[in-house]
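Peer 1: Can you keep this structure in mind? I'll have questions shortly.
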């Protein structure tokens, strides 16, 4: 899961319902640009937790989990595209007008009405909040490892979250346009790539000593955990329709998306295997914590922390927008606000309260790997598998063949089962990383 934004945009990320009769204008993005946008919208800090997931499940089981998650996510993204194309095509044939489906929430509204829109956008927002919490946990743990190794005294991540990160984010929350923050998103992606390169370099240096001791399958209980991490790493459904609509030649989107998923899946599997084979049972839930404290590793850690601290407002932006929109629609708020200055002050106070809540949640998270597995098993599973299959059955069911409906029901049932069991597995004490690998 990654934070993405158009650097020229200052509008809310979740828009209202589209108007009927509005035709979709052609995009301008080339295939190469769309490929880059897909990769950037999917690949985030979660990838640095993959080696730990492979430690829990085993290198072969982890690889299969990532591959299945990638194929399933790609298939369900195509379901969204099929739903949108089918709806717009039917409207165009019957009325001569086309209903412009802009977002995931629009499909929810088509399937279940207003309730469907609210449910879909609520899940997107909570998933976004989960990603924001993961950012704070990631930064806190990396800073804790840096200063603990330097001072030889243990400094808990919560200290950095409250005394360093929270004041910075409170100050950044006063910025209401994203154009000045967006460049840090590219910097964060560059730091991610650099971190992966340095980890792989360190991995190769350790292969001769450790690689023969690693397990391919470390037990059944680790599979849902690794699956949750993999689903979290592939999450990007809220951007699917926008990315497809941005292309100049939309017919090529499926092939561009396929190429992106093949590339991302291979990178994820390779990175997970390399990290686990190198560090084995000592693999930590954030692989950068295994790096030695030399200048290159310290530079990457500091760069990641700085970049993520400045891209954190991008993750929080849709949450701010929804909170402010709901607040201004409440009657008592409309009555108590005195003037424009009082309204701005009240809305800023709401932002600061939301930030404080997110920081408190982040300080209570025991581990990065467990948390992203939980988010992946619950929210991301619902967004990635359950809702797309449900929308496809409801909106396109009359035009589907028997085998297509059967596949949709299979995805729906497996997605629900994975969400329920994966949540239980991530929260329970049954996940055990083997102390010795045969």
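Cβ atoms here come from the backbone N, Cα and C positions, even for glycine.
TrEMBL annotations: computationally assigned, not manually curated.
Fair warning: this is a prediction, and the values are worked out from it, not measured in the lab.
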Peer 1: Pick from 255-278, 375-398: which stretch is listed in TrEMBL under transmembrane segment?
Peer 2: 255-278
Peer 1: When TrEMBL marks a stretch as transmembrane segment, which of 13-33, 34-54 is it?
Peer 2: 34-54
Peer 1: Mind checking which residues reach the transmembrane segment (34-54)? Cβ under 8 Å, same chain, six or more beyond either end.
Peer 2: 1-4, 62-63, 65-66, 131, 134-135, 138, 185-186, 189, 192, 195-196, 199, 225-226, 229-230, 232-236, 239, 243, 246-247, 253, 256-257, 259-260, 263-264, 267-268, 271-276, 279, 283-288, 304, 308, 368-369, 372-373, 376
